[in-house]
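First the structure, in the form of structure tokens, and then the observations on it.
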């Protein structure tokens with residue numbers, strides 16, 4: 001009972017923070033004609049409720065795809081339909097075809113915010129709670145609840161879901177998939193991940209670690225015996241899961257092709273809305289390598305869209321390869337979690353059409369290893385929240401950012417004493433340090449260096465946050481501070497990518513992991 005009491009307190013505190021953030025502004029509030037992501041979600045409810053399924057993804061007189069046309073997989077559309085059905089019962093004006101465009105009112109805001117709360121309560125939060133209870137390293141009652149509290153208070157996800165406006169369902173389903181795999185429920189885990197992927201195509205960031213880990217388990221069991229049976233079961237499970245999600249579209253090949261065209265609009269080129277191609281305006285700032293390089297080299301003007309796609313694919317693939325090979329050859333749950341982080345970060349830094357919110361696809365897997373490397377995990381999560389600053393300022397979420405971020409740092413300091421967890425062993429670099437025999441003495445001063453870099457990083461992020469919020473930029477450089485935020489964040493992420501790959505590739509012991517048999 002005591003462990004549930006502590007966990008209940010952690011969950012209530014996390015819900016209170018979410019409620020407080022939800023009282024503030026949201027994406028595009030009062031900003032016609034396009035408004036923002038809040039209006040996009042409302043519009044999808046309008047479309048899915050009033051139009052037949054065959055028209056959801058097609059441009060028609062009733063469905064202008066240039067105005068927040070559906071561009072997510074079928075499960076998002078089904079979820080929008082369910083929300084719309086409830087909205088219709090409360091107030092038909094909220095989802096009336098055409099006339100509800102740009103609808104804004106306090107009752108409607110309460111309804112929309114409540115739908116996010118429900119998604120959190122039903123999918124994401126239970127997965128976090130059960131995951132923390134399942135951790136062997138956190139068997140103590142206090143440890144499980146404090147680990148859950150740190151994960152649930154991660155400000156990036158709170159500010160985007162309950163501030164900017166977004167549903168946590170795809171990340172929650174992916175977390176359920178990880179939880180199932182940690183208990184060797186591979187088929188259930190496959191179903192959960194297929195649902196996540198069919199809710200948001202960005203879950204492709206996590207697809208290779210899932211594929212390689214499960215394939216590695218099949219190899220370990222032997223492809224002439226149990227491994228082949230498991231492989232066949234997994235393949236059947238994936239096919240049935242996708243068939244169930246796409247069933248309403250499966251009768252028409254053109255329907256399927258149109259949905260795919262909406263999900264993967266490759267003709268847009270390498271960039272989504274992050275392109276630093278205009279000297280006077282930059283609408284969205286993404287802390288990946290392409291947007292950062294475009295400050296110096298106008299990639300859009302130098303390379304054709306098709307070549308951009310090929311270049312992005314090649315660099316992303318090469319950066320993913322080491323982690324994928326590692327967990328295929330040596331599958332372990334610990335390696336799988338680190339591969340989720342490494343591969344998602346590679347996708348974010350190098351892949352095609354990245355949005356700044358996609359950093360959450362890296363951050364949630366980092367949350368899963370916060371008990372193992374609390375210092376580096378906390379540092380990464382702070383940087384990931386900082387990278388969202390231009391978007392948060394645009395949405396009027398400065399106060400929420402300024403409160404939740406230091407609060408999260410304080411909770412991590414109190415829960416894990418992170419400044420004391422900076423030795424090579426604490427950072428899981430012991431094996432790597434032993435391989436550098438000639439430089440072993442350098443690692444003796446590593447804890448002090450790590451703490452100094454951390455404090456320097458915090459100071460830099462703090463200064464840039466204050467400047468972005470309080471100081472007007474020069475007229476000749478209107479995007480100076482957003483570009484600086486993106487560049488600083490990108491540099492951090494590149495270094496984190498190296499670190500996570502080193503930890504994964506030099507891990508031969510698979511500490512605390514069950515051997516796959």
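Yeah, the Cβs are placed from backbone N, Cα and C, and that goes for glycine too.
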Between 73-97, 173-197, 198-222, 273-297, I'd like to know which one TrEMBL lists as transmembrane segment. 173-197
Give the range, chosen from 317-334, 335-352, that TrEMBL lists as transmembrane segment. 335-352
Under 8 Å Cβ-Cβ from the transmembrane segment (359-386), and at least six residues away from its ends along the same chain, one finds 128, 131, 135, 137-138, 143, 147, 150-151, 154-157, 159-160, 171, 174-175, 178, 202-203, 205-206, 287, 334, 337-338, 340-341, 344-345, 347-348, 401, 405, 408-409, 412, 415-416, 418-419, 421-422, 426-428, 450, 454, 457-458, 461, 464-465, 485, 488-489, 492-493, 496, 499, 503
Taking the transmembrane segment (483-506) as the reference, which of 173-197, 335-352, 398-419, 453-471 gives the largest number of Cβ pairs under 8 angstroms? 335-352
Do any residues, 6 or more residues outside the transmembrane segment (173-197), come within under 8 Å Cβ-to-Cβ of it, and if so which ones? 73, 75, 123-124, 127-128, 130-131, 134, 203-204, 206-207, 210, 213-214, 217, 230, 233-234, 237-238, 241-242, 245, 333, 336-337, 340, 364, 368, 514
State the non-local partners of the transmembrane segment (453-471) in its own chain: residues 6+ outside its ends, Cβ under 8 Å from one of its Cβ atoms. 375, 379, 382-383, 386, 389-390, 393, 398, 401-402, 409, 419, 422, 481-482, 484-485, 488, 492
Apart from its near flanks, which chain residues at least 6 from the ends of the transmembrane segment (398-419) lie with a Cβ under 8 angstroms of it? 17, 20-21, 24, 146-147, 149-150, 153-155, 158-159, 163, 370-371, 374-375, 378, 381-382, 385-386, 389, 392, 451, 454, 458, 465, 469
